[in-house]
Amino acid sequence: MKTSAVLPVVSETENHSDHQNVPVISVIGGRSVFGSINSQQQFPFKMQAIKKPVFPVRYYIAVIACLSSAVMYAARANLSVAIISMIDLDPSEDVKKISFEWNQEAQGIILGSYYYGFAGFQIILGYLADRYNVVTLNIITHLIAAIMTLLTPLASFYGPIAISVVRVIIGIAHAPMLSSLYVLFSKWFSPDEISVPICLMIVGSNLGTAAIMPITAWFCKQTLLGGWPLAFYFTGIINLIIPIVWYFTVTPTPCTHKYISEYEKRHLEHANAHVGQIKFKIDWKAVITSPVLWSITLAKAGTGFGYMIVNTKIPAYLESQLGMDLHENGSLNGILYIALCTSQLSIGPITKYLMKKKYLSRSMIRKICESIALLVPSVTLVAIAHFPLDPSFIKLLLVASMFAFGGNAGGDMPIVSEIAPDISGTIFGITNTIGSATGFIAPMIVGIILNDGDTREGWSTVFYITAAFMSFTAFVFMFLSTSEPQSWGMLPSQPEVAQDPEVFKEESKAAYLKKRRISHPIFSAQISSL
């Protein structure tokens, strides 16, 4: 059922002596609803009935963000599969391939080079996302990543150093993408629904990774152009399409989008009145010394570390300890991705419903979701280390673990834009730098522990350490985190909003009145009843 609202449109040139409908605002069911009253007095207003759109533009923005995330992670993950064919020197193969003689050390450098660029530039590029047009930033970064992906086959002929440099540049190009999406969401979505686009963004990253692996494997089997280069050309072309879509259909704020309805525009203006448009100097001392910031950073490190262990090292464990072949291993990985995506897609609507019904506070919902993402995998890893090697039981535990990881889509992921709505890109860059660093820290720790032999005792030590670290970060997040906006994350002119929601409510009304130049006592009396 469609709902409608009546919004005032100011006409500064019309005759004030004409009888007009006077706009009023009342509260129905706890929601602000525009209406009108007939008056014989003189007011300079016209009324325009606005219908609620069937498909709001902000939902389209969420879909585009999901696709952007998918393409980004596809460009990151394609090399991990393609490199198997790039170094395949099996003389029994009838198909002529382009192959390279890269040893294990060279392969490790190539595969890890992306993370040096991605992790190393999170903070500075996240800061740029807060300061400049996020749409322009996304277009530029997608174009750079596309060009470098297309140049990857050529760079590979010049050796491991050349292809590593290309991968570092791709990592740098990808560094601000997630931060810029956070900034975009803070403008396009209200605090109560921001979990939904963030969940879609995370799901997109996993879908992009899961989809590109079999596609890359298929390309590697082809004879055209040597097979594996086709995977990079395919990914690069997709990366070229996305910025074109961004250029023509996405704007940094709702008020500048030409297809947005008046209803949705007014809804977002009211819901996000606290999100500043003015650049201001960040209080870095307050940021760095904030317990809330560090609780979120640790939580990201905990989920990142655990995810890297389960996602990248468990397949090796299954092969060495359970004798699981490559095909069975790959099938299980597909099931794990399905479990993860299912939980990530579910958590957004669930948290939105809980907030709407006010069953729990937003902060408590974030803590519960993050605790699930950290504590459930910790229990499953301890169980895998402790109980006998039962393949069916271990598979069940791994599926439960990956499903639980999806809880961070309602925990540490959306909370960044809530505590720092005006500098969410910068704060995401800070927290995600450490989280991204687990991409090379976790495998390094596993290598040190298993250096003396690939034994079950060694793997048990890995699982116990991972579980202990994740549990520690969960308890820190539970005790120190909050979703309340922090004074250092908002405009200096609005510090009281972080403490008193009623002040924010009054400021929103005052801003609306000022913007519409409405000062008549009858209208003011009606709006004051909110």
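Numbering starts at 1 and runs along the chain as displayed.
Here the Cβ of each residue, glycine as well, is placed from N, Cα and C on the backbone.
No curator has checked TrEMBL annotations; they are predicted automatically.
Taken verbatim from TrEMBL:
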type: DOMAIN; residues: 54-485; note: domain 'Major facilitator superfamily (MFS) profile'
type: TRANSMEM; residues: 59-87; note: transmembrane segment
type: TRANSMEM; residues: 107-128; note: transmembrane segment
type: TRANSMEM; residues: 135-155; note: transmembrane segment
type: TRANSMEM; residues: 161-185; note: transmembrane segment
type: TRANSMEM; residues: 197-219; note: transmembrane segment
type: TRANSMEM; residues: 231-250; note: transmembrane segment
type: TRANSMEM; residues: 286-310; note: transmembrane segment
type: TRANSMEM; residues: 330-347; note: transmembrane segment
type: TRANSMEM; residues: 368-387; note: transmembrane segment
type: TRANSMEM; residues: 423-450; note: transmembrane segment
type: TRANSMEM; residues: 462-480; note: transmembrane segment
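The transmembrane segment (59-87) shares more Cβ pairs under 8 Å with 197-219 than with any other stretch in the list 161-185, 197-219, 330-347, 368-387. Against the transmembrane segment (161-185), stretch 107-128 has more CB pairs under 8 A than any other of 107-128, 197-219, 286-310, 368-387.
Of the Cβ pairs linking the transmembrane segment (197-219) with the transmembrane segment (107-128) and spaced 6 or more residues apart, fewer than 3 are under 8 Å, so the two regions do not touch. In the predicted model, the domain 'Major facilitator superfamily (MFS) profile' (54-485) shows an average pLDDT of 80.
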